[in-house]
Each structure stands twice: as structure tokens, then as C-alpha cells.
């Protein structure tokens with residue numbers, strides 16, 4: 001199976017967008033575009049794309065799609081990050097106790113955070129470690145992976161294309177009703193984090209790979225044409241992010257994301273150097289740790305360091321460095337193995 005090294009670099013860039021969304025106040029007074037929304041969209045679409053890639057390259061191996069397999073798949077995902085989730089929850093609980101002790105609904109929010117259910121309930125969605133709403137929503141997507149694999153494994157391209165457009169138009173309809181027509185949702189639901197809504201984007205990424213997988217360097221006319229298309233796609237996507245930030249709504253950006261992701265995934269172009277180098281590959285490898293840790297390190301810094309009068313630009317850089325160092329530690333093979341196979345007493349990771 002070909003390694004999609006370039007996508008590791010893109011995974012890191014998605015984290016950078018999310019970090020900027022949470023820390024931009026330290027270095028600027030506003031945002032060029034909605035960094036956070038674009039970053040999490042990339043994560044959802046990229047996650048679906050990579051899972052489709054992994055499944056499609058199993059060479060017709062028999063894949064269990066039972067509900068038991070769904071729970072097993074979810075467990076194997078959960079144990080890889082739950083320790084860090086609890087660690088950052090405890091840090092967040094300390095910060096909350098300092099700035100909002102005993103606020104109304106705190107125990108409810110704590111329970112929903114610990115159980116990773118907070119994305120289902122709007123008042124709790126950003127409570128404690130706010131960034132972990134993404135994990136709460138991704139659990140829902142991961143749970144259905146065996147079923148999604150079974151559903152699409154033998155589909156003709158025409159069926160895949162029809163499925164893609166039905167889902168895309170369905171998601172667009174939801175966007176139009178909620179964000180433009182202001183159709184009221186139940187108070188408990190925030191569409192931005194709502195798991196069934198984000199599952200659509202996850203599946204769009206999954207289908208995006210299945211539809212585009214035959215588009216390779218040779219079919220594009222060689223390395224030069226591929227490199228040119230990669231650069232046009234990257235610059236074009238950035239332009240769309242900036243120019244249409246106030247015009248487009250979530251689903252409309254996803255087409256650009258899928259095209260960018262696929263072009264980046266093709267080896268043999270200029271992005272092998274820009275995104276597929278060893279530094280970016282490694283940063284992509286630790287992007288999950290970076291994502292989970294950065295929010296509460298920012299909270300601690302705002303609680304203790306900003307009152308000391310430390311330069312905010314220096315603080316922005318310092319928090320990133322500390323987040324990086326801790327992520328490196330938790331990504332160490334021995335540490336990761338201990339957490340996943342010893343702390344939770346689960347079976348070995350798959």
C-alpha cells in the first residue's frame with residue numbers, strides 16, 4: 001500500500017488552523033477567515049478519505065461489518081486518546097474551578113465531557129476542554145465505519161457518484177435551512193458540532209476517495225502537470241477560504257477540500273517536497289496529540305502568564321512549543337503503548 005505522506009503534512013496544517021482559531025487573540029485583533037471551521041472540516045473530510053483508502057487497499061479481505069465489529073472498532077480508536085482526554089479534562093476542571101467555580105450545570109457538563117457525549121448537547125459542547133467536541137463527534141463517525149465499508153465496498157462508480165451528490169445536496173439543504181433561512185433547531189442541538197451532520201461530511205470524504213482514486217500522476221499528464229494542479233488547488237482553496245468566508249457555508253467548502261486532499265495524496269509532484277518531507281510527516285503523526293493538548297495549555301497560560309505581562313507574541317510561540325514538546329512525549333512509542341495497552345487494560349491496538 002502506498003503511503004500518503006503528503007496528507008500528513010495537510011493534517012498538521014489543519015491543526016495550525018485550529019490553533020490559530022483559539023490563539024489568534026494573542027497576535028492579532030481579528031481573523032482573515034474562519035480558521036477553526038475550515039480546520040475541522042479538513043479533519044472530518046480527511047478522516048473519511050483516509051479510512052476509505054485503507055479499506056480499499058485491503059485486497060478483498062473479509063471485513064467484519066457486524067455491530068460487534070462497530071463497537072470493537074470504536075474501542076480501538078477510543079483507547080488511543082482517552083488518557084489524554086482525561087488528563088486535559090482534569091486540567092480544564094482546575095481552570096474552571098479558578099474562573100467559574102460551581103457554575104450552574106457544571107456537573108452535567110463534566111459528565112458529558114468525560115463520557116465524550118457533549119457534542120450532543122449544545123450548552124455543554126465547548127465545556128472544559130472545548131476542543132474535545134471534535135472527539136465526541138468523531139466517535140459517532142468511527143462507530144459506523146464497518147457499516148460504511150460494507151455499504152460501499154462493491155458499488156459501481158455511478159452508484160458512488162449518485163450517493164455523493166445526494167449526501168452533498170442533503171447537507172447543502174440543511175445549511176440553507178439553518179444558516180440562511182434561520183430554521184430553528186431544538187435548543188439542545190448545535191449544527192456545527194452535531195454528530196449526524198458531521199457524519200455526512202465524513203462520508204463525503206470517504207466517497208471522495210472512491211470516486212477519485214483512479215486519478216493519478218499518469219492520467220494527469222506527468223509530474224509537471226500534477227505539480228501545477230497541486231499548486232493551483234492549494235492557492236485556489238486558500239483564496240476561496242478568504243474571499244468566500246462570509247458567503248459560503250460549511251458544505252460548500254467541502255468540494256474544494258476533497259479536490260485538494262486528493263491532489264495532495266498523489267505522489268510525484270511538488271507537494272512531495274512541500275508536505276511529504278520528514279518534518280511535516282512527523283508533525284502530521286503527532287497532530288492528534290497537538291489537537292487534544294493545545295486548548296488547555298492556552299487556558300493555563302491565560303490564567304497564569306498573561307497577568308504577568310508577558311509579551312503576547314512570545315506567549316503564542318511559547319504555548320506552541322510546550323504543546324509540541326508534550327505531544328512528542330505522549331507520541332513516544334513506549335509511552336503510547338503503555339497508555340493504550342496497560343492503562344485501560346484493553347486488548348492490543350489494531
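The backbone N, Cα and C atoms fix where each Cβ goes, glycine too.
According to TrEMBL, the domain 'Acyltransferase 3' annotation covers 6-327. Across all of the domain 'Acyltransferase 3' (6-327), the predicted model scores a mean pLDDT of 93.
Sequence-distant neighbours of the transmembrane segment (12-29) (same chain, 6+ residues past either end, Cβ-Cβ under 8 Å): 35-36, 38-40, 42-43, 46, 131, 275, 280, 283-284, 287, 290-291, 294-295, 298, 312-313, 315-316, 319-320, 323. What TrEMBL lists as transmembrane segment is 12-29 (among others).
What TrEMBL lists as transmembrane segment is 35-56 (among others).
Feature annotation from TrEMBL assigns transmembrane segment to 81-103 (among others).
As annotated by TrEMBL, transmembrane segment applies to 123-145 (among others). Non-local neighbours of the transmembrane segment (123-145) in the same chain are 18, 22, 40, 43-44, 47-48, 51, 70-71, 73-74, 77-78, 81, 85, 88-89, 91-93, 96, 105, 108-110, 112-113, 116-117, 188, 190, 193-196, 198-199, 202, 291-292, 294-296; each lies 6+ residues outside the stretch with a CB under 8 Å from one of its CB atoms.
Among the features that TrEMBL reports, transmembrane segment is placed at 157-174 (among others). Packing against the transmembrane segment (157-174) from elsewhere in the chain are residues 191, 197, 200-201, 203-204, 207-208, 210-211, 250-252, 254-255: each is 6 or more residues past its ends and has a CB under 8 Å from a CB in it.
Annotation source TrEMBL lists transmembrane segment at 194-212 (among others).
Sequence-distant contacts of the transmembrane segment (224-244) (same chain, six or more residues past either end, CB-CB distance under 8 Å): 32-33, 38, 217, 252-253, 256-257, 259-260, 263-264, 266, 268-271. Residues annotated as transmembrane segment in TrEMBL: 224-244 (among others).
The transmembrane segment annotation in TrEMBL covers 250-276 (among others).
Under 8 Å from some Cβ of the transmembrane segment (288-307) lie the Cβ atoms of residues 12, 15, 18-19, 22-23, 80-81, 84-85, 88, 91-92, 95, 98-99, 129-132, 134-135, 315, 318-320, 322-324, 326-327, 330-331, all in the same chain and six or more residues away from its ends. Under the heading transmembrane segment, TrEMBL lists 288-307 (among others).
Residues 19, 23, 26-27, 84, 285-286, 289-290, 293-294, 297-298, 301, 305-306, 339 of the same chain lie 6 or more positions beyond the ends of the transmembrane segment (313-332) yet place their CB under 8 Å from a CB of it. Annotation source TrEMBL lists transmembrane segment at 313-332 (among others).
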Request  = Please give the sequence-distant neighbours of the transmembrane segment (250-276): residues at least 6 beyond its ends with Cβ less than 8 Å from one of its Cβ atoms.
outcome  = 2, 4-10, 13, 37-38, 41-42, 45-46, 49, 53, 168, 171-172, 174-175, 179, 192, 201, 204-205, 208-209, 212, 215-217, 220, 223, 226-227, 229-231, 233-234, 236-237, 240-241, 244
